[in-house]
Structure formats: C-alpha cells, structure tokens
Amino acid sequence: MEQPEDMASLSEFDSLAGSIPATKVEITVSCRNLLDKDMFSKSDPLCVMYTQGMENKQWREFGRTEVIDNTLNPDFVRKFIVDYFFEEKQNLRFDLYDVDSKSPDLSKHDFLGQAFCTLGEIVGSSGSRLEKPLTIGTFSLNSRTGKPMPAVSNGGVPGKKCGTIILSAEELSNCRDVATMQFCANKLDKKDFFGKSDPFLVFYRSNEDGTFTICHKTEVMKNTLNPVWQTFSIPVRALCNGDYDRTIKVEVYDWDRDGSHDFIGEFTTSYRELARGQSQFNIYEVINPKKKMKKKKYVNSGTVTLLSFAVESESTFLDYIKGGTQINFTVAIDFTASNGNPSQSTSLHYMSPYQLNAYALALTAVGEIIQHYDSDKMFPALGFGAKLPPDGRVSHEFPLNGNQENPSCCGIDGILEAYHSSLRTVQLYGPTNFAPVVTHVARNAAAVQDGSQYSVLLIITDGVISDMAQTKEAIVNAAKLPMSIIIVGVGQAEFDAMVELDGDDVRISSRGKLAERDIVQFVPFRDYVDRTGNHVLSMARLARDVLAEIPDQLVSYMKAQGIRPRPPPAAPAQSPPQSPAHSPPGSPVHTHI
C-alpha cells in the first residue's frame with residue numbers, strides 16, 4: 001500500500017541513525033638524524049603518510065608534507081588531519097624520501113626509511129607524542145602501481161636504522177565545542193482531526209555525498225501549534241562535522257501514536273547562522289514542498305524561531321588521555337563445563353593449530369586496540385567457573401598465570417599464553433558467576449579515583465548467568481567508580497540476561513538503587529562471524545561495537561566527579577636541529593611533490 005503523503009515511517013525515528021563523527025586530530029611530523037643521501041649537501045626530506053583500508057588491507061596515500069631543503073632534522077610544517085576513532089585499529093605508515101627533482105613520482109627519489117604505527121599508539125603515548133626508529137624494510141611500495149618493490153633499489157640497506165621519526169597528535173579545537181540552543185514555533189499547520197498538532201523537530205547534518213544523517217530529535221510538545229521546546233546540547237561535530245557553513249536540515253513533524261508521524265514542513269540553516277543567536281536571521285519559515293507545488297497561495301506551514309544559542313568548550317576523551325589517564329585492561333574468561341571438552345573440536349575452548357577460537361579472537365580484537373592506552377602493557381587475566389588443582393576447589397576469580405599475588409600478563413600475547421596454559425591445568429566446571437570478577441576489578445578501580453586511571457573489564461562467556469542478583473549489585477556499585485564492562489557472548493546460548501545488564505533501554509538497578517551510569521556493553525560473538533572466513537574484518541567490527549562507548553563512559557565519570565584533565569607532560573628536550581650551511585632550518589622548498 002502506498003504511504004499517504006506527508007507521512008513518515010516509524011523506522012526513520014527508531015534511533016539516531018549514524019554515529020557522531022569522530023573527533024579530528026592533527027598529526028605533526030618531525031625527524032632526527034635522517035640518512036644523508038646528497039653528495040655535497042644534506043638531504044631534502046619529504047614525508048608521505050599512508051592509511052590502510054580495513055577491508056582490503058591496501059595502503060593508500062593520505063598526504064605529503066612540504067619538502068624541506070638541506071636538513072637531516074626536519075620539523076615539517078604541513079600537518080595531516082585525520083578522523084580519530086578510539087574503537088578502531090587505524091594503521092598508519094610514514095615514508096621518508098630525499099627529493100632530487102620536481103617529479104611527483106616517488107620512485108624517482110631516494111628512500112630514506114619508514115615507520116609503521118596506529119593512530120591509537122600516537123594518541124596513547126605520553127603527551128600524545130610517539131618516537132619510532134625509521135627503518136628500511138625489505139620492500140616498499142611503488143607509488144604508481146601500488147606493488148611492492150625492493151627498498152634496496154633506492155639505495156637502502158634492509159633493516160638498517162635510518163634515524164628517528166617523532167609523531168605528535170593534537171585534537172582540533174572545534175571538535176570539543178558543544179552548542180546549547182532552544183527553539184520555539186508559531187502557527188504550525190494543524191494535523192490532528194480532533195485536536196492541535198503534537199510537534200517535534202528532527203535535525204540532520206549534511207554529508208559530503210549530499211545525503212543527510214539524523215543528529216538530534218527534540219521532545220514532543222502535546223496539543224499545540226505554538227510549541228516551546230526544551231533547551232538541548234549537542235556536540236558541534238555532530239551538528240556539522242566542524243564545517244560551520246555545512247547545511248543543517250530541520251524537519252517538523254506531528255507525532256502520532258502509531259508511529260506514522262505527519263510531516264509538517266522543513267527548513268535549512270547552518271552552524272554559522274545559528275551562532276548569530278536570537279535575531280531576525282534566525283526566524284525560519286517552515287515549508288512543505290508538496291503543498292507549495294500544489295497551492296499557488298501557499299505561504300508557509302508556520303515558523304520556527306531560535307530563542308537562544310551558546311557554545312562552550314568541553315573536556316574530551318583525548319584531553320584526559322593526553323593528560324596521562326591510563327586505561328587498565330582486565331580480561332575474565334569463562335571456564336564453565338558448558339563450553340565443552342577443550343580437547344574436542346566442538347568445544348568453544350578447542351585450540352586448533354590452524355586458527356584462534358572465539359575466546360582468543362574476541363580477546364585479541366579488543367586487546368590490540370586498548371593496549372596502546374596502558375603504558376606498562378601488563379594486563380590482569382582472570383578465569384571463572386573452574387576447579388583448580390591440586391584439590392579441585394571451584395573458583396570464580398583465579399589468575400590465568402597461576403600467580404595469586406600478581407595476575408598480570410605481559411601484553412595480549414601473554415594473556416593468550418596464560419589462557420592456553422590454564423586450559424591444560426584446570427577442570428571446566430560451573431556455575432557462571434560474574435560478580436566475583438566484577439568486584440575484583442571494582443576493588444582496584446576504587447583504589448585510584450583521582451582521574452589518573454580508568455579500568456575496562458572484558459568478560460568473555462558462553463552461558464546463562466547464574467548469579468544475576470549479585471552481578472547486578474556489583475555493577476550498580478561499580479557504576480560510581482572509574483570503570484566500564486564489556487561482555488562478549490560466544491556460542492549459541494540465549495543471552496537475554498546480558499541484554500538486561502547492558503542497560504541501553506532500562507538502566508539496571510539493585511535493591512531499589514539505580515546505577516549512576518550505564519557502564520556495560522554486550523555483544524553476541526555470533527553476530528560477527530563472517531561466513532567468508534574473513535576474521536580480520538569481522539573482529540574489527542566486533543571491536544568497534546564494544547569499544548565505541550568507552551570514551552563517553554570515561555568522560556561521563558570524570559565530569560560527574562568534577563575531575564578536569566591534567567596538563568600534558570612536557571615533551572623531552574631534543575637536541576636542536578643542526579643549521580645547514582646555506583639554508584635556515586626548516587625552510588620549505590617551493591617544490592610541490
């Protein structure tokens with residue numbers, strides 16, 4: 001059946017489709033002690049940055065700095081501005097060249113070395129400043145064909161150290177701005193047969209490709225044609241992605257109980273226009289295009305007026321990270337008998353010589369991203385639901401490395417090693433109790449509440465939770481502490497209880513006490529199993545979904561406690577670049593490569 005005109009389907013309003021765009025960071029590049037390839041002077045360096053596609057793993061050139069004449073210690077002026085996603089592994093590559101001509105073909109220039117890292121590594125380093133040695137690998141990529149070619153063809157020696165690259169990340173200032181505004185409307189069209197309209201506004205930001213993404217929806221004002229909506233706040237990047245002149249579309253609807261909301265009309269504006277505040281420039285005619293086409297005398301379907309507008313700068317996730325906040329990562333693994341005998345291929349704990357099991361895949365996907373925000377890379381790893389040697393005592397909080405005093409493992413590989421070792425020594429048993437591991441991490445989080453540390457607990461489980469009441473109480477208590485909980489459900493069990501713990505729809509409570517914050521994120525592993533066998537891509541999606549809420553959860557805790565970000569640590573003193581004989585240090589050559 002064709003939808004009546006001026007009606008919108010419920011699905012358009014089910015959720016705020018399209019996440020807030022990532023914050024943008026500016027990467028600054030410096031190098032020290034580059035190889036000297038020029039016979040009678042120093043090298044003329046250029047840095048090329050590449051990003052790697054998540055799906056095809058191909059390196060794509062992102063941009064180039066300027067060429068700096070006659071120096072082995074360049075401080076490049078031209079920056080790289082990139083979108084930052086905490087929840088994604090954003091691989092970067094930096095190639096250095098000594099430019100010998102005006103040719104844009106990189107194979108015409110001497111290769112000086114390269115470095116690989118992730119954006120998270122740069123951001124998570126002390127002061128968001130990362131130093132890495134430049135090396136000449138066995139292969140580099142031909143800039144024209146994209147195919148590997150021997151790096152030695154440019155005169156390098158594979159594996160040789162070629163100086164140091166220094167990468168600094170700075171969040172762009174307009175990414176931290178939050179706009180607060182209020183609107184009212186006057187003489188909106190009457191849509192309800194037995195009463196006035198029930199109007200609400202829907203805001204959309206425009207995308208680069210001309211499409212629109214919903215970014216805010218006001219509350220519904222019942223039975224009025226002259227509504228005054230409540231004041232609301234929204235990150236500027238959500239409204240316009242930092243582009244002050246980008247179109248913002250606002251649609252006006254009449255709410256209907258059955259979800260088939262009636263379209264009243266629309267108008268467009270921009271952040272720059274809104275920032276003028278209350279004025280004649282911010283009174284908008286609400287236009288219904290279909291009515292305008294059909295009726296010659298049509299004027300408008302009412303007006304919407306901006307009553308107030310203010311913008312302030314808020315502390316962001318990256319402010320806290322740059323100020324030294326460490327993310328303490330702990331993993332807890334389900335060793336209950338419902339996983340199946342680890343020696344059999346049907347077991348969720350089966351260790352195939354050919355591929356990682358679901359537990360190891362989930363752990364690696366989350367761990368390899370979060371590890372860069374913990375400077376010592378020592379991660380506590382716990383197990384629950386097993387009988388331990390030598391006496392068969394059932395434990396719901398045992399160290400995978402067997403060390404009761406210090407359950408920390410060195411890196412993600414250390415956790416995997418301890419996990420595999422535990423499978424050979426403990427007996428899978430039960431029941432599935434979460435409360436002990438939640439309480440364990442909460443105890444550590446409670447010990448440091450000055451903003452210098454934030455704990456993230458990853459629980460990987462296969463079964464129906466056995467201690468729901470105790471777990472709810474532990475989570476409600478943990479919600480006032482600097483910690484978040486990620487739960488990944490593996491296997492084919494029903495995970496209804498996990499969805500309840502997630503608290504996206506209904507905030508969890510215990511003994512009549514509501515959790516102060518939503519700190520739990522749950523995903524079922526089976527939703528990410530790629531039938532094509534592309535585990536890399538499917539696990540990247542899993543990590544993205546479970547980690548996406550962590551930055552906001554960290555900031556919400558800090559704000560609730562009144563904790564401001566600390567100033568970034570001072571950068572270590574560098575030896576000043578040596579001035580070349582006939583060119584000031586850092587003077588760019590006017591050659592566009």
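Placement of Cβ uses the backbone N, Cα and C atoms for every residue, glycine included.
Annotation source Swiss-Prot lists Ca(2+) 4 binding site at Asp192, Asp198, Asp254, Asp256. According to Swiss-Prot, the Ca(2+) 5 binding site annotation covers Asp192, Asp254, Asp256, Asp262. Residues or ranges marked as compositional bias 'Pro residues' by Swiss-Prot: 565-587. Marked as domain 'C2 1' by Swiss-Prot: 2-134. Taken from Swiss-Prot, the feature domain 'C2 2' applies to 161-284. Residues or ranges marked as phosphoserine by Swiss-Prot: Ser19, Ser103, Ser140. The feature region 'Disordered' is assigned by Swiss-Prot to 562-593.
Counting in whole angstrom, Ser103 (phosphoserine) lies 61 from Asp254 (Ca(2+) 4 binding site) by their C-alpha atoms.
Just so you know, the Cβ of Ser103 (phosphoserine) picks up 12 other Cβ atoms within 10 Å once every protein chain is counted. Other C-beta atoms found within 10 angstroms of the C-beta of Asp198 (Ca(2+) 4 binding site) number 20, with every protein chain shown included. Minimal Cβ crowding within 10 Å, among the binding-site residues Asp254, Asp262, is found at Asp262.
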